[in-house]
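These came from TrEMBL, pasted as-is:
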- 138-221: domain 'RCK C-terminal' (DOMAIN)
- 6-26: transmembrane segment (TRANSMEM)
- 64-84: transmembrane segment (TRANSMEM)
- 96-114: transmembrane segment (TRANSMEM)
Amino acid sequence: MGVLFILVYLGIVLAVIEINTLLFTYTGLDKHIARFQVISMLTGTGFTTGESELIIDHPIRRRVGAFLILFGAFSLAVIISAISNLLSDEFYTKNISIVAAVLIMIIFILKTPYVKKLLSSKLEHELEEHYDFRDLPIRDALLTDESDHILNYFIDRSSDFVGKELGDVIEEDEDILVLYIQRGDVKIRKNRLVTEIQEGDHVILYGDEKAIERKFGPKKDRQK
C-alpha cells in the first residue's frame, strides 16, 4: 500500500504541474516555457534562468508561483514521510486516489475551449482591474494586438541611418513610434526625433510589425 500511495501522490504532482502549466499559458506564456518554470518552482531547481523574469514580472504568475513553491516543499515532506513508513498500514491510499481523480478531471475541464477562453479573459480583466499599469510586463502592456511589435534596433557602421535624424527617416503617416534612443548610459527621449543617429546607438521602436520591417528590416537582422 505504501508504494501505491507514493505512485498515486506522484500522479497528483504531475497533475498539479499540468494544471499550473495551463494557467500560465492562459496568461500568455508559451507552453514549453511555462512547463519548465512550473517544474523549476515545484522542485526548487533551475528557477534562476532568464525566463524566470517572465514569472517574477507578472503579478498573477507570481501568485501561482508562490503556490507551486509551497506545494513543492510540502510534497517533498510527504514523499519522505511515505518512504519512511513503507512497512506501516497507516496510508490513506483511497482518499489520496480520490484527490488524484479530481485533479485529472480539473485538467480535462481546463483544456476545454470554453474554459480556456473564459479563464484567459478573467485573468486579463484581473490584471486591468487590480494591478498598476507599471507592474505589467511589456507583452501585456504594449503588445495587445497581433500586429504590435517592439524592437531594439542596433545602429552599426553599415546602417543607412547613421548621421540622419529619425524625424526625417520616419514619415508622419507610418505606424512607427520611437520610444527613445539609448546611447551608452544616456537615454534620449525629448530630442529623439531631431538627434543625429550615431554608430552604436540603440533605437527602441514600437508600432506595426510590418511597417517597422519595411523601414528597418526584419527583426532577426536588426535586433541586438
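Just so it is clear, glycine is given a Cβ too, placed from its N, Cα and C backbone atoms.
Just so you know, TrEMBL annotations never went through curation; they're auto-generated.
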Restricting to the same chain and to residues at least six past its boundaries, which positions have a Cβ under 8 Å from a Cβ of the transmembrane segment (6-26)?
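For the transmembrane segment (6-26), the nonlocal Cβ contacts are 34-35, 37-39, 42, 55, 61, 64, 67-68, 71, 75, 78-79, 82-83, 93, 96-97, 99-100, 103-104, 106-107, 110-111, 116, 119-120, 123.
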Would you list the DSSP helix, strand and coil counts for the residues of the domain 'RCK C-terminal' (138-221)?
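The composition, in the requested order, is 19 helix, 27 strand, 38 coil.
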I'm checking region-level scores; what's the whole-number mean pLDDT for the domain 'RCK C-terminal' (138-221)?
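Result for the domain 'RCK C-terminal' (138-221): average pLDDT 86.
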